[in-house]
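Visitor: Let me begin by handing over the structure; questions about it come next.
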Amino acid sequence: MQSHIRAAGACWQVYLALLSQMEARGPRRFPWGYGLYWTTLHILLECSHFSHEDVRRGQDLKQVIEKGGVNYKEAEPTSVRPPPSHHCGILHFPWQQSRRLRRRTESFPGTSGRAGADMTTGRICCLVLLTLGVLAVVVVLLVTLTQPKCAPQQYLHGAVAADTETCSNIGRDILKRGGSAVDAAIAGLICTSVMNPQSSGLGGGVVFTIYNASTGTVEVINARETAPQGIPSDLLSGCTSLHIGPKWIAVPGEIRGYEEAHKRYGRLPWKSLFEPTIKLLSDPLVVSPVMDKIINHQNFSHVGRNLCPLICDGQRFLTRGKTFRWPALQKTLKILAESGATAFYEGEIGKALVEDIKKVGSVITMEDLKAYKAEVSSALNITLNKNITVFSPPPPMGGAVLLFILKILEEYKFHQASLATPKEKGETYHLIAEVLKFGNMLKPEMKDPTFSEAKAVVAMMLCNKTAERVRSKIDARGDHPVDHYNFSKFLSNCNYESKGTSHISVLAADGSAVSATSTINFPFGSFVYSNQTGIILNNELADFCTGKSSIRAGERPPSAMVPSILISKSGDMLVIGGAGGDWIISATAMAIINKLWFGYDLERAISSPIMHTNKDSILFEEHFSQDVRNSLLKRGHKEQKVEFSMNVVQGVSKEGKCISAYSDKRKLGKSAGY
């Protein structure tokens, strides 16, 4: 009798250890562990009650568990809970019910002839418990020893890098609820339109680059804005002025983009993606330092008055830390959550929006909204170092320019030692600067392929012969004239075959990933605000001012947006993209160079000051290395002073089993994961 009591006591210790491991690591990591624990706990509570001593041991254990913060009755998962009427029924012991009846008539084992049978069943129970106990210890040890060791700020399941911590958290929570990477991206972008309304929103457009882990394919959803039917024929004559006001508004594509992405890849209900932001709008919003910097900038101080219904106290802009409410947008989001994109493009939201912007001079009509469709295509891709495939969106987005830059730089075989000495560092950044000049000069060629020969241009940009010709034109000098970098007219006639704002990067537990960029173009777009809907409208038609002589209805303007995904043969991944208008391609390219070739961790790769090029000149971000700057200027590079920039990059990387995420501090962002 004493032997099986001691065995039962030993079993308790095993299960307490198992419980400790599970509580430390969480039920999501040990669903089998909870099932095993509660199954054996029920057996033990049932089968060890052979004497007052056994009962006391069970009560002691219960107290120990409860003192440790775990109530075994409340914590017990219903999915593994045996029916309360027969706790040992999992093992189907045939003597269970009769033993319970015998206990009512026998105070102690051994007081009748049936006690021996009880002791026999007790030994059977203990044998079962010991077997399960040993199994539990072995499994816990195996799982513990095989778990990857990740740094404190890394994750094992998924992560989201959005413009703000609030929006990153919303995206992460969507992932934890079983949502897809697309679900998390949409929820995060809806949030961003509220937390950073100067950058993106329902009045703009969005581009998704989506990796489907189950099929290994990458798709691009292009919900870039389009030119309306009634676009003025003389619009481009105003390109020399500030591109702000109703005539520069393009037909918004944001909500259609969400709809298309969710239809293809969504898991959670559409409504649930809006609910966190709707709840967020129930409380006052705070003017962020970034918003304060923009609305009080001299370039926007006058036109910004159009936003006074939202962010003014009388006729004075709210300042940093002040609060405002946005009930009109909350109402709009509630309608969209219930009625879907139809409410925007065919229903009450669209009608109210058109009515508001028509009053101030916009030519957009309900027919323009009804005609809008998001486009789906394959991503462009190249392979670097014979190991890493880079996926980025085709024209009118800037993915081809990003791939062009990386393809040329690949042959220089950069690595950590490329920055080892001041001389080597100067040489390395000279090569990068020259390639950026060639690449950024090609941005005007990224036209809507429906209305241009952009596909043929991209094929020539990304072929090996073109890369060789560009490298042959790069020497030690940095003082070449602009025409030296205007390579579009010299693109080699060869074939290329693809194998296969605000920015948010998402990596889900199933390995799927989304890189999505949303924009209204300028800070606060056109500075046109719809009072009825709470929507701030874009000024995307201004993007036609680069290299265009005419605009056709339905045409999408060129864009520097490059939401990209990099995947290695071993399964490592980098999900990255940026916001910041003209600086996006340079900023994203330099972050990739830093991570891929210079060996920087993700935070340093993104946060390091960058350089950007405009024609034959270089623009240096604040805090860029003075030594490198001096080295470049000595080579003849021309410097252009930076008047205003807000380049921001968000990224999520996976190396082995560990996931890192970083939201750019330039916009005071913070990532989230689990």
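Note: Cβ is positioned from N, Cα and C throughout, glycine not excepted.
As listed in TrEMBL for this protein:
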type	residues	note
ACT_SITE	THR501	active site, nucleophile
BINDING	ARG224, THR519, ILE520, ASN521, ASP543, GLY581	L-glutamate binding site
TRANSMEM	124-145	transmembrane segment
Visitor: At a 10 Å cut-off from the C-beta of ILE520 (L-glutamate binding site), count the other C-beta atoms across all protein chains.
Guide: 31
Visitor: Which residues does GLY581 (L-glutamate binding site) neighbour through Cβ under 8 Å, counting only same-chain ones at least six apart?
Guide: THR501, ASN521, PHE522, ALA560, MET646
Visitor: Only counting partners 6 or more residues apart, tell me which same-chain residues put their Cβ under 8 Å from the Cβ of ARG224 (L-glutamate binding site).
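Guide: Set apart from ARG224 (L-glutamate binding site) by at least 6 residues yet with Cβ under 8 Å, we have GLY205, VAL207, GLY253, PRO396, MET397, GLU540, ARG556, PRO557, SER559.
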Visitor: Applying the rule Cβ within 8 Å of the centroid of the Cβ atoms of ARG224, THR519, ILE520, ASN521, ASP543, GLY581, what extra residues of the same chain belong around the L-glutamate site?
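Guide: Leaving out the recorded residues gives GLY204, GLY205, GLU225, THR501, PHE522, GLY525, ASN538, ASN539, GLU540, PRO557, SER559, MET561.
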Visitor: Please report the number of other Cβ atoms within 10 Å of the Cβ of ASN521 (L-glutamate binding site).
Guide: 28
Visitor: Consider each pair of residues in ARG224, THR519, ILE520, ASN521, ASP543, GLY581, all listed by the record as binding L-glutamate, and report the largest Cα separation in Å as a whole number.
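Guide: 14 Å is the greatest Cα spacing among the residues binding L-glutamate.
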Visitor: Which state, by DSSP, holds ASP543 (L-glutamate binding site): helix, strand or coil?
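Guide: Going by the DSSP assignment, ASP543 (L-glutamate binding site) falls within a helical segment, counted as helix.
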Visitor: Need the DSSP three-state call for GLY581 (L-glutamate binding site) to compare against my parser.
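Guide: For GLY581 (L-glutamate binding site) - judged by DSSP and reduced to three states - the answer is helix.
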